[in-house]
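**Q** One structure coming up, written as structure tokens, with questions to follow.
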Amino acid sequence: MSLYQTQKLKVYNSLSGEKEVFEPLSEGHVGMYVCGPTVYSNVHLGNCRTFMSFDMIFRYLKHLGYKVRYVRNITDAGHLENDAEDGEDKIAKKARLEQLEPMEVVQQYTLDFHSILQKFNLLPPSIEPTATGHIIEQIEIIKNILEKGYAYEINGSVYFDVEKFNKTNEYGKLSGRKLEDMIANTRELAAQDEKKSPQDFALWKKAEAQHIMRWPSPWGDGFPGWHLECTAMSTKYLGETFDIHGGGMDLKFPHHECEIAQAEACNGHAPVKYWLHANMLTLNGKKMAKSTGNNILPNEMFSGENEILSKPYTPSVVRFFMMQAHYTSILDLSDEALAASEKGFQKLMDAIDSMENLTTSPSSSFNLEEWKQKGYDAMNDDFNTPMLTANLFEAVKRINLIKEGKETITEKDKELFIESMHNFVFDILGLENQNSALLNSDKLSSVVGLLIQLRNEARANKDFSTSDKIRDQLAGMGIQLNDGKDGTTFSLS
Ligand SMILES: [Zn+2]
């Protein structure tokens, strides 16, 4: 029996505005799509929070025993400046300014994105498709929407007809907007605007002569509108209807609203069962923005090379800090908050490291199953990681009381306790124990390897004072040498 059959997960669906029991379309399987980054600059810390939130969700679903297909795209074309309908492509602009090929820009920032996410210990998605790799699929969707009568072509561009769509469907239902209000609040169309209505959005844009990222289509050379790629890729890999669509709160409108409209126009039914949105990250109480200087890059946090924080913080501490807030709440990053998380993180890791050595007794003085279920209850309540971390600190308290002889634990419970802590802390929250990370570091392995070799040479020469000195001094640094029949290995104590 899988865990998902006993643990009843509820998720907050942005579409209904309610917490709903999570029941995937096909038992035991989950399809999840998350809007990925536009790769034209270093990944923003706020975006890292969004992707980390969905990584935690991905991890929990997998932990429950679901087979999850997680698709997160890379936007490498079609996203115009200011998320607008007109203007320069973000990637093409960067390429022009830095005199690079657009695909050089894409490559550079895709690598940056992956390297940062890896430092934060995010699992790779099952599929990571790109917009430029799915131009044909996007053209097919436009043809389909044109055939159904929800789009019109003008001067080599194709626009989605929002008013027509709204007659039979409900445009604005995800973001809680009404088309009438949107129309009342918009200025008149500019004279040069070729759209029928300001609410209409581009499915295909004609490429002007200077536009370098262009593809042939039935409507002439051009490029796809930004909202279209997600509909094309989610449909291709997850089907016309899938379980979870996620992204940052700022994507609700217009991006996700347009995705719904495109899919409904195409297929006649809703594309997504549960819409999940992660909230934003602020810095010292203010919105993060490059232009105001109230901004910090992930690598600047890890190295300490920044003007905002007093010292460096490891990726795991930053991850722990983010996991201490609920993914739907705004989270404020500050030196104080990070320092507090760092202390808590160290306490948690120390407690975990000491669990193996806990003395066991014939009976346990507390109910371990109850504690464990509290952890699952937290996660089942729309992935309530702050509630889960509170329960983890409850465990730290217990561990210390056992050490002081004020609580007792049986051998069996101890094993279960260690296993559950590992599940919650490492598998679900995705934290990494820095002690064990150090153990796996190549540099440390080669340095200790060299010392082991010198010690072996000293022993071969019967220079036992040197060989003992190496062993003892390493032990003093917390590095234990273990002599076995296959040679010497080391562990951290
Ligand atoms: Zn998207």
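A Cβ is built for glycine as well, from the same backbone N, Cα and C atoms used for every other residue.
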**Q** Between the candidate ranges 15-25, 37-47, 213-223, where does TrEMBL place the motif ''HIGH' region' annotation?
**A** 37-47
**Q** Under TrEMBL, which of the candidate ranges 62-66, 107-111, 287-291 is annotated motif ''KMSKS' region'?
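**A** It is 287-291 that TrEMBL describes as motif ''KMSKS' region'.
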**Q** How many of the residues that make up the domain 'Cysteinyl-tRNA synthetase class Ia DALR' (374-439) does DSSP mark as helix, as strand and as coil?
**A** 50 helix, 1 strand, 15 coil
**Q** Look at the binding-site residues H255, K290 and tell me which residue has the greatest number of other C-beta atoms within 10 angstroms of its C-beta.
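**A** Neighbour-count leader: H255.
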**Q** I want to check the contact list for E259 (Zn(2+) binding site): same chain, sequence separation of six or more, C-beta distance under 8 angstroms. What comes out?
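**A** Listed in sequence order, they are H227, C230, T231, S234, H245, P271.
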**Q** Let me know the most crowded of the binding-site residues, choosing from C35, C230 and counting other Cβ atoms within 10 Å.
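**A** Result of the Cβ crowding comparison: C230.
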**Q** Between H255 (Zn(2+) binding site) and K290 (ATP binding site), how far is it from one CA atom to the other, in Å?
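**A** Here the two Cα atoms are 23 Å apart.
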**Q** Which of the binding-site residues C35, C230, K290 have a Cβ less than 6 Å from any atom of ligand 1?
**A** C35, C230
